[in-house]
Amino acid sequence: MVKVYAPASIGNVSVGFDVLGAAVSPVDGSLLGDCVSVEAADLFSLRNEGRFVSKLPDNPKENIVYQCWELFCQEIGKTVPVAMTLEKNMPIGSGLGSSACSVVAGLMAMNEFCGKPLDDTRLLTLMGELEGRISGSVHYDNVAPCFLGGVQLMLEENGIISQPVPSFDDWLWVMAYPGIKVSTAEARAILPAQYRRQDCISHGRYLAGFIHACHTGQAALAAKLMKDVIAEPYRTKLLPGFAAARQAAEDIGALACGISGSGPTLFSVCNDMTSAQRLADWLRDNYLQNDEGFVHICRLDTTGARQLG
């Protein structure tokens, strides 16, 4: 049997709309992500389990892990009968790369089980294709960090899909999921079709400056440049309590705060555990809206998807 874990990810990381993503894992060692296991069988089957199993589609063929199996078999040119199990630990529509977790774990588990017939670039291409079926357009800002780990910058040139960006080991990423759902398609539809020239210039300056600061080890500058002029000004109306949470993060001393992916999860960067814990407590008391919500203090997951056991 092969079992693969794929970690949560932050799409956009505020400053890089659709071109930047970061994988994260809780500091307490718990798994914030999905697991998919594959074992030999006479016929294909898919079993679902985990905390968020009730959110999955009733029709197995609509399950993204079934589609992983189907696409993988098409790609290698033969049908591989396997029993697959999806452990759905990630809420759907959370802004934590939930679909990416299932896609990455599903395709990587099949590839490992079959003796790695596909290389990482081909596998990542298929992951982007499947992710596109869900969100409506191919983008890699969740699947790339989820699969490869760390902070990834999407390039999509010269046969290169993404490359890693140097990161800051002492940063703590406080992740708060309020327990409500925001559809990626809805969150994209709310964005303007055209942007003001000044916003385009600011976006270019922030993103270029952030990447430069990461490569030159300037943590304070990198954090200061984590600003979103593309999505956040429009998406905050979908996120009750976000403005108050951002203010609380600033008051507590967080270095940066933003929307993870299309929301509703909020992320905040702190450089000491005391501030991170204070902010986590505040978010738990004030940002969560129901029992499905959670807060985790994380670090970057520099490994990405991996086999367990």
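Every residue, even glycine, has its Cβ placed from backbone N, Cα and C.
Not measured: the values here are computed from a predicted model.
Look at Gly97 (ATP binding site): DSSP puts it in coil. Neighbour density for Gly97 (ATP binding site): within 10 A of its CB lie 32 other CB atoms from the protein chains shown. As annotated by Swiss-Prot, ATP binding site applies to Pro91, Ile92, Gly93, Ser94, Gly95, Leu96, Gly97, Ser98, Ser99, Ala100, Cys101, with the evidence given as sequence analysis.
Cβ neighbour count within 10 Å across all protein chains ranks Gly95 highest among the binding-site residues Pro91, Gly93, Gly95. In sequence order, Ala6, Pro7, Ala8, Ser9, Gly33, Asp34, Met90, Cys146 constitute the residues six or more apart from Cys101 (ATP binding site) in its chain with CB-CB distances below 8 Å. Other C-beta atoms found within 10 angstroms of the C-beta of Ser99 (ATP binding site) number 23, with every protein chain shown included.
Excluding the listed site residues Pro91, Ile92, Gly93, Ser94, Gly95, Leu96, Gly97, Ser98, Ser99, Ala100, Cys101, the same chain places Ala8, Met90, Asn142, Gly261 with Cβ atoms within 8 Å of the centre of the ATP site Cβ atoms.
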